[in-house]
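Here's the structure, in structure tokens; my notes come after.
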């Protein structure tokens, strides 16, 4: 009779574990569906909530099923204590990972809302996750009866050796924190380095900064180098920026008429071309008597740096067509070359006389 009762207990315990796992799978599928619907909403916080529930559903339900199984089996106190300690360790790790995922999601959402870049400043996300998981491990050791004081002492002593061995890595880490804290460069900004590379800042992680060029290529810059580099940030202090187009007209042109026509074309481009600043008043400034033309600058304004290519493209096309309609000449470069005779006439005559005498 006792054997039957023990077998039944094991069967019921197995059913409890299986039921917990099955319940976790069902909940995970349900939360995944809800997370998919939440992805269509404007806010990102509901996505974070449902994704968190989806990730924790299976571990939580499985732990619950194992706990029921322990209650059903009625194990001996030593064995029960050992199993409960293992289960407690799993619970602590699960809670730590869940909180780390939640905190990392919050940090990522805040960074995304500020920069608008999907791969935002992952350095803060990684630091948050490491700190919370580290605290969870310390709590786990304490719950298992392991004194954490020697562990902290060993970490303090070993940390000095690690710091000396990883000077470059730590330098890049703190440089990345400094870059983000100063807010001089943020993910999503368009920057140009002194060495010539330019592009959008995609991510700033614990070691380097990723810059995506307009061609689609990726430039990897160590954080320490970026912190010391001379660069131009086209999103600071404001995102819109000025664009200068160089033009030249004939010396016979009526400069007042040229200025008036050019400003009219510039206004039209500012109003109609995507990426231009509609309320900007184009500026024309003559500056040089060139070799074949009077040269001047036209100053336009675009909403962001990358919009300048389309705006300049449309402005040149429309200005060329308008100049043709107004009979304003854009002269081609002309160079006059004077070919001097390489040998004077009197020297050629002396050479002929010498040849005749010798003959």
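From the backbone N, Cα and C atoms, a Cβ is placed for every residue, glycine too.
Positions annotated as transmembrane segment by TrEMBL: 7-31, 51-70, 82-103, 123-141, 148-166. Among the features that TrEMBL reports, domain 'Mechanosensitive ion channel transmembrane helices 2/3' is placed at 126-167. The annotation domain 'Mechanosensitive ion channel MscS' is assigned in TrEMBL to 168-235. Taken from TrEMBL, the feature domain 'Mechanosensitive ion channel MscS C-terminal' applies to 243-330. The region 'Disordered' feature in TrEMBL is assigned to 339-359. Per TrEMBL, compositional bias 'Basic and acidic residues' is recorded for 345-359.
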Non-local residues, at least 6 beyond the ends, that sit with Cβ under 8 Å of the transmembrane segment (51-70): 12-14, 16-21, 23-25, 27-28, 31-32, 35, 80, 83-84, 87, 90-91, 94, 98, 101-102, 105
Predicted model, mean pLDDT over the domain 'Mechanosensitive ion channel MscS' (168-235): 84
Residues of the parent chain within Cβ reach of the transmembrane segment (82-103), under 8 Å, 6 or more residues beyond its termini: 48, 52, 55-56, 59-60, 63, 66-67, 70, 75, 128-129, 132-133, 135-137, 139-140, 143-144
Tally of residues which DSSP labels helix, strand or coil - the domain 'Mechanosensitive ion channel MscS' (168-235): 21 helix, 24 strand, 23 coil
Within the domain 'Mechanosensitive ion channel MscS C-terminal' (243-330), residues counted as helix, strand or coil by DSSP: 39 helix, 24 strand, 25 coil
